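This report refers to the structure that appears directly beneath it.
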């Protein structure tokens, strides 16, 4: 028999691989569905690619790749047997053979046990070989099976592995003396105190000096002023500013010349006003803790606690399980897949997306969106207990099926890993801001759109901004695209202001007398007041009037140039405190079911209005000689208030700094114009690096930024040595952040490449000659919009954004609510109106809502009235 199996496996031996370090083994989730080893058909794991497939999808992988050998994993959930003697657990057939599969939390009670099986399956015959079978199978097959069964989860982050254990506690941490200099470090706007550098900055934990790190061989880094400061003062410990998170930060000891651990880092940072570690909140399950007690009523109201909510099942009523501080993702995706345009784009094209998916579908955005959308809308993971079915099972004697709980909801681990890849926040296990995640997801949807239209187009609208010079009376009209209407909340206009003032007095007295705080009072602000605050003119700081050719007073008003099909309204409840902690306003805004914004439509230039001359303010240009890309000019002070105004609009922080710098601190209005003119450039969000070129190069595109956008020449040489054109190699490397392996994948998934790839000239030559490609579509993907564009900046005007327009009358159909004191903690749920009734989606639980808390929402979704 051993000889028979050995001979049977001979033709397949070249295709069998043993997982190595870094290989991801997907043995807990199908790449195309949410099938797991606990599903009825189990899970098939390819022994070459290590991808997992459900019974419905394994044939597709076989046809596409020709891979025939799969490890079939099956887990059976059974009720523990009990007897009069005390209830022993049933004997397992093979024990727990695959050791590192995430357990289904639905079955983690003491009343259930698991029976695990593993088999070797050969396609297309589906010939099965039970495991373990050490004596009969070749050694390579046995080793590969064991390695796959014991492989760690592909979603487990590698940070907690050996490297962290090697970092030692600094000998200076406990006895560090900090100077009482009154230094307070703001949440942004840092720069080296000696050379104006704004990247690779380190905070000295003794005196609070902010200085740049050392210079790196690739031209990045700093001028080594942090090390110089240590040599002058002997202050040993420094923390890297852009690494500070609620989980910790990177600390370096100049004396010990290595990265170290500072057990008192929270106290050391708090000395300089950085409380982000001290204020670290507990996970979402911590809502019973003392710190969340003042918001208990909010938790009860939003989740409709204390009410007997009726569970609903079926298509469109599938929950999303919480993976640990991931409720922001679940609530957002539930709302998006209730919109028909998203349903058609992904679920409607399901088979086409799956059939044309790349060899690794776990990294393909369309595949994972279609997979999640189908799971939420199909109803396969939301089945109610049917009485007739239960009776039939009792008659058949299948008591296990009767008593076994039905799994509800899906666990989007693969989707979360993909959507958060290379993003420092969404790849973490910390709670996030649902609004930031929505913006992040919309940008990815637009970037990956394979057609001229994107499903995210339903959110886009144009804002008409009217800016008026108060002294000359002349005006300027401009339009900008946006996806979200941000509604301010003027708390001072609360209808219960006297009650709020009374509460503040009682709270202060309780603090002075060390008594328990009084019950909190929530501010009630009318929606009409919020809308009025949105429409009121606002002052433009440091406004530069082209009519006066000087700074002057200016005001700006915003109106809708177009109305989107779906209007997203954010209630601006959160503000960023000086202690680095996002604070939340405890307010109640009664949002209307029907909304008419017709009166907010922009009118454009009116009769009698004079237009401001189309003149740009003086531009600050670099003056250093060309060629020294590592010398940074002594840049002027950057107006951080203008930077923060732009950043609040959703633009990258570094882009905002560049905009303010290159417009000479003339105010947010001029900087915003700069952003609109340069947001399509590949280095738009790169850090500001001012270098010499006051000759032929435009002042808005420095030599350093141009060189920074070019991939390393050695990487280009490697790709071109494989037979690919140079321009295609540059384009692929730029699109993948100079990652060689991903660049090759990019080339294979974009076979059409760049339209100018056959031309011998490279990007630099094209820019020198003033040429630009007229086609920004590659393999059906439009790179002319959104982030991550790999097309060269066009000299002509950028194409107008795709917008839809119609009447400004809307009906509320969904809203996302947040519970907790800040975006760094708490929990999200969403309410969606389906079939004329409100439904609450609270992680995996989906129930009919009895009293939807429309006054406590954070993000509201309105759809245009069909009869408008």
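From the backbone N, Cα and C atoms, a Cβ is placed for every residue, glycine too.
Bear in mind that the values here come from a model prediction, so they are computed numbers and not experimental data.
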Region 'Disordered' range according to TrEMBL, out of 705-754, 755-804: 755-804
Cβ-centroid neighbours of Zn(2+) site 192, 195, 212, 225, 8 Å, sequence order: 193, 194, 196, 197, 201, 211, 222, 223, 224, 226
Neighbour count (Cβ, 10 Å) for residue 225 (Zn(2+) binding site): 21
Densest Cβ neighbourhood among 192, 195, 212 (binding-site residues), 10 Å radius: 212
Confidence summary for the domain 'UBP-type' (168-276), mean pLDDT rounded: 85
DSSP helix/strand/coil residue counts for the domain 'UBP-type' (168-276): 18 helix, 24 strand, 67 coil
Helix-strand-coil residue split for the domain 'UBA' (637-678), DSSP-based: 30 helix, 0 strand, 12 coil
